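> Input: one structure, supplied below.
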Amino acid sequence: MSNKPKRILVSNDDGYFSEGLQALVEAVSPLGEVWVVAPDREQSAASHAISLHRPLRIKEVRERWFAVDGTPADCAYLAINHLLKDDRPVLMVSGINHGANLAEDIMYSGTVAAAMEGALLGVPAIAFSLVARRNFDFAPGARFARSLVSSALSRPLPPRMLLNVNIPGGVEPEGYVVTRQGRHSYGFEVVENEDPRGRKYYWIGGSDYQHEDIPGSDCNAVFRDKRVSVTPLHFELTDHGRLPDLSGWQVDGFNRHEPDGA
């Protein structure tokens with residue numbers, strides 16, 4: 001049996017210099033050979049964008065630590081298909097994000113997108129986020145990350161497995177819960193201002209946070225129970241519950257056919 005250390009790819013969306021990334025690297029370094037490929041600047045809420053219409057550049061910051069002038073998904077793509085193509089990582093981890101990636105956050109999250117790109121490319125992946133807005137203490141999350149990654153490395157994981165992990169901030173978590181994705185809202189705020197030349201500009205976002213009380217959800221685990229949420233995600237976005245609703249539709253001027261295999 002080979003004693004070669006297991007290769008772990010680390011990325012994020014906050015940038016290669018971020019405190020959360022450093023905490024995650026320090027947490028998992030004893031478990032294998034760590035390679036960091038992360039954005040060269042803040043890329044929060046970049047979602048799963050990839051750069052198809054401009055060239056990308058890679059800068060080696062130090063040994064096995066690279067900065068990419070692209071999105072989080074670009075980083076995962078370049079790492080797996082170029083930098084590490086001859087010896088692919090056995091696991092990818094992303095984070096630790098400076099803020100939550102709960103509920104609908106996953107649709108916008110660059111942290112989750114980096115991990116998702118890894119999973120799409122056949123490398124099982126885990127995204128880690130610290131649910132806090134200030135006074136980031138990454139130590140509890142780093143301890144959980146080390147334990148979870150150690151467990152993941154000790155067993156064969158499905159190639160496209162993707163886990164989204166959220167750690168409550170400001171507390172020592174009371175264990176963890178395997179959860180479903182919840183639902184929440186930030187208030188859909190639009191702030192309008194005017195620049196010195198009289199032109200309007202806008203900030204979007206919102207600070208009126210509310211989440212729904214959904215049993216078994218990631219939001220309930222983190223906010224109500226102060227526990228780490230571990231949510232398995234997948235790429236199948238079909239709303240199967242709506243398929244029967246569409247069965248009676250008829251689009252004028254076009255024949256309706258049954259799907260293959262129905």
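Heads up, the Cβ atoms here are built off N, Cα and C, so glycines get one too.
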> Swiss-Prot has ASP13, ASP14, SER44 binding divalent metal cation. Which one of ASN81, ASN97, ASN135 is in the same site?
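It is ASN97, as the record lists it for that site.
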> What does DSSP say about ASP13 (divalent metal cation binding site): helix, strand or coil?
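Looking at the DSSP assignment, ASP13 (divalent metal cation binding site) belongs to neither helix nor strand, so coil.
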> Compute the mean position of the Cβ atoms of ASP13, ASP14, SER44, ASN97, which form the recorded divalent metal cation site, and then list in sequence order the other residues of that chain whose Cβ is within 8 Å of it.
ASN12, GLY15, SER18, GLY20, GLU42, GLN43, PRO72, GLY95, HIS98, GLY99, SER109, GLY110, THR111
> Let me spell it out: for each of the binding-site residues (SER44, ASN97), count the other Cβ atoms within 10 Å of that residue's Cβ, using every protein chain shown. Which one has the most?
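Going through SER44, ASN97 one by one, the largest Cβ count within 10 Å is at ASN97.
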> Using CB atoms and a 10 A radius, I'd like the single residue among the binding-site residues ASP13, ASP14 with the highest neighbour count.
ASP13
